[in-house]
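*Asks:* Let me begin by handing over the structure; questions about it come next.
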Amino acid sequence: MYPTIAPGLFRMHFHNCFVHGCDASILIKGTNTERTAPPNSLLRGFEVIDDAKAKLEATCPGIVSCADILALAARDSVFLSWQVPTGHRDGRVSLASDTTNLPGFRDSVDVQKQKFVEKGLDTKDLVALIGKNYLMHISTHGKGDDPTIDPTFLPQRRALYPPNGDGTKRVGLDHGSQNTFDTSYFNNLRNDRGVLKSDQRLWTDANTKTFVQRFLGANAFNVEFGRSMVKMSNVDVKTGTQGEIRKICSAIN
């Protein structure tokens, strides 16, 4: 798997679950769908889900939802093991306008906390999931210097966001370890080397700092990350007669 596909699948799953629950609505193509919304414009890995769905439909048609495929792919992309809740059904609604509740890089820590609370998630979940959601983003995010950032890191940070830079460029926000699933993101925050201002503020906010410190240890982070992923997968679940099992993931039946 290409290094950028793994974080792409996780980020896709995160953005999927935060809108209508983990119902694969983010996979639907079309005008003004979630997939076309600005926060999702650079998502990647759709072909991985489509390929898995095609193979499953060929052997057991109408059984495995696109939502479950995406959840399982997100887990497998980070090479950790947790019990993924399955049995989700696929949603029939996908609107770009519904993505406004996604946590964004311009949000304050308090706003991010509130968006997580609205999904039944807490501050620990925020730090665990945000810590690996923003592995890759576009170069125009987070411009401007922040007084909380290590001055010796500023030249490297400015190089990521040059004036009139390429707005489609992907940059690693887990500086120095963007292709590895580890705890370096939290070490960077402790050392005032967060690439985005919104990331660095997780270290300056008293509540989130507690969990950043806890997650400096790999064992603690891996355990809590898995727990947070399970909690997120249980947000607004569609089961029974709700939704459907799509035949292809990019379109409703």
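Glycine is no exception: its Cβ is also placed from the backbone N, Cα and C atoms.
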*Asks:* Could you pull the disulfide partner of Cys22 out of Cys17, Cys60, going by TrEMBL?
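*Replies:* Recorded partner, per TrEMBL: Cys17.
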*Asks:* Using the alpha carbons only, what distance in Å do you get between Asp23 (Ca(2+) 1 binding site) and Arg11 (site 'Transition state stabilizer') once rounded?
*Replies:* 15
*Asks:* Round to the nearest Å and give the CA-to-CA distance linking Glu34 (Ca(2+) 1 binding site) with Pro103 (substrate binding site).
*Replies:* 15
*Asks:* Round to the nearest Å and give the CA-to-CA distance linking Cys66 (disulfide bond) with Cys17 (disulfide bond).
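*Replies:* So the Cα of Cys17 (disulfide bond) lies 13 Å away from that of Cys66 (disulfide bond).
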*Asks:* If the Ca(2+) 1 site is taken as the center of the Cβ atoms of Val19, Gly21, Asp23, Ser25, Glu34, which further residues of that chain fall within 8 Å of it by their Cβ?
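*Replies:* Neighbours within 8 Å of the Cβ centroid, excluding Val19, Gly21, Asp23, Ser25, Glu34: Asn16, Cys17, His20, Cys22, Ala24, Ile26, Gly91, Val93, Ser94, Asp98.
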*Asks:* Specify the nearest of the recorded positions Arg11, Val19, Gly21, Cys22 to Cys249 (disulfide bond), where nearness means the distance between Cα atoms.
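*Replies:* Among Arg11, Val19, Gly21, Cys22, Cys22.
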